[in-house]
Amino acid sequence: MTAITPKPFVGAAPSGRTRLIRRIIKRPIGALSLGFLIVVALIAVFGPLLAPQDPNLASLQKILAPPSADNLLGADSAGRDVFSRLLAATQISIAAALVALVVAIVIGVIAGLIAGYYKGWFDSVASWFTALIMALPGIVILLAARAVLGPSVWLAMAIFGILLSPAYFRLVYAAVSAVRSELYVDAARVSGLSDMRIIGRHILSVVRAPIIIQSAIVAGIAIAIQSGLEFLGLGDLSVPTWGSMLSDGFTNIYKAPLLMAWPSLAIALTCIALTLLANVMRDELERTVVVRRKRKRAVATATGSIAAVTESIGAVGFDDDLIVGVDPIRHEDDAHASSRVGDEVLRVRDLRVAYDKEGGKSIEVVHGVDLDIRRGEVHGLIGESGSGKTQTAFAVLGLLPRGGHVSGGSVEYEGTRLDELGERKYTAIRGRRIGYIPQEPMSNLDPAFTIGSQLVEPLRVSLGLSKKDAREKALALLERVGIPDPKRTFAAYPHEISGGMAQRVLIAGAVSTDPDLIIADEPTTALDVTVQAEVLDLLRDLQNERGMALLLVTHNFGVVADLCDRVSVMQSGLIVETGPVRSIFQHAEHPYTKSLLGAILDEGPARPPLGTTRTGGNR
Ligand SMILES: Nc1ncnc2c1ncn2[C@@H]1O[C@H](COP(=O)(O)OP(=O)(O)OP(=O)(O)O)[C@@H](O)[C@H]1O
């Protein structure tokens, strides 16, 4: 079976950060710039301790003295040892640049994350402030601040950090807005992760690389600007910095030209090293992303082409004029269906879903759905493309896309009104008691994390398991869902597994908390035909084994016949007929249901009698 052929083992791979550093070091420019910056950082930390003399000790005898054994790099216009001052200045210049960097990152990243993730009023206010700060002339603000607040290098750099923050805000905002609508973020919400965890885990991981690259560039700019201010004599003269040393050297350029060389070299080489390192990091990180995307696209294309064929087999077109009435036709339970199932686990009444449109209008796409899912039953929700199946499922999960909302009706889970619960309580129920299996397995796995970590995290959050227990449970689940080498898959990234394996992983995730209800939204649409059958078998076995209810969204009556106890037929946002599968197959009443069944019987080979199609289970 090609879909579950084991992929090459990635092995106990080093962490992403270690691999990135290794790749940077392999490139001569990367190794050189990183090496130089490490030396600068060491000097910044230990420089003052290594200084042979007090950097502020002036001596009239040594004014502008040339390099000698006593003063390795000579003495400045006040007779202070240039070497000692250079060591002390490195600490202050680097620390001042870090102040600007930290202020810019804290303001820009936090505001960008909140605005990009939650949008709303904060987005409008933050975007307005960003535009305002960007419109301000930075150097004028710094000069004005110096006049008002005094010559403190730290204050100047903190203000400069605020002026730099829009760069981070825009970067993070754009990345978060893009990632926010990814399916794996929705999947993480379904698995019970809080917004904070989703931001920390799935969203920060996406913006981390651009932030690191941007920081290398911004650090260089901060050093240059700070040195420029000091050079202009706007800094605190009592504090040794590269800029103030440069200013002193420039004043005495004719008498002691070497004085300018040392701080110039320090500033120039540090800024160049930061820029080169940023370039190498960008090349390396982008190369990784391109490789991952290529692999992911290759998998998606392989499964997508077959999915397109199965879609065309499963989907049937119908005329709108077949819609009759709002009240669904209800079939009485037969002994077979009612013997297997208990009371209702999910009760949906008059559910309406609407989307906001421009001009304050809204458009309703689900027009009052009633749906009962009983404990332990497999309930099919079938209908043509666009009939509102997914919107109904998402409304139950509380995962309607932006602009969509439940405009009427109620969703009750075990007697609790989900639509009236706050987000926190909803998340807790959704993570533990209701599982979700999505349509596109690949898009629902975060490409930045291994399969193992994506299974372990929800287990730890929802069930409070220790890391070790969660890992063991995840491995056992992978084995249970038929992954041939669980350990290998556990360590693999999503692009390293097939579409069928990805769907098995998501099924493992959905059942991991032993939920009472699983909502599976066309779980086989994106899979190879042979893998579809295996995945359906797996779902049926797990459902039998664990006795959970399953709401199976599909447009394929074959799947309904094979798996479901009861079915609700949906057309144009309404349920038009509902009842036990056997009864509907034998006595479909609604013209739409009849045409759905007719299309299958017309197009496909004759099905064996009901009941003999099942390879397992007790139905
Ligand atoms: N973001 C949206 N804004 C406005 N309308 C939407 C949006 N998403 C879906 N709809 C509309 O809601 C209706 C129902 O869509 P839904 O995705 O539930 O269909 P479906 O039955 O699941 O179809 P499929 O089998 O193709 O997934 C469609 O008419 C669709 O155009």
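A Cβ is built for glycine as well, from the same backbone N, Cα and C atoms used for every other residue.
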The residue range that TrEMBL labels transmembrane segment, out of 298-318, 550-570, is 298-318
Return the stretch with the most CB pairs under 8 A relative to the transmembrane segment (254-277), choosing among 29-51, 92-118, 125-147, 153-173, 211-234.
29-51
Selection from 29-51, 92-118, 153-173, 211-234, the stretch that has most Cβ pairs under 8 A to the transmembrane segment (125-147)
153-173
Among 29-51, 92-118, 211-234, point out the range having the most Cβ pairs under 8 angstroms from the transmembrane segment (153-173).
92-118
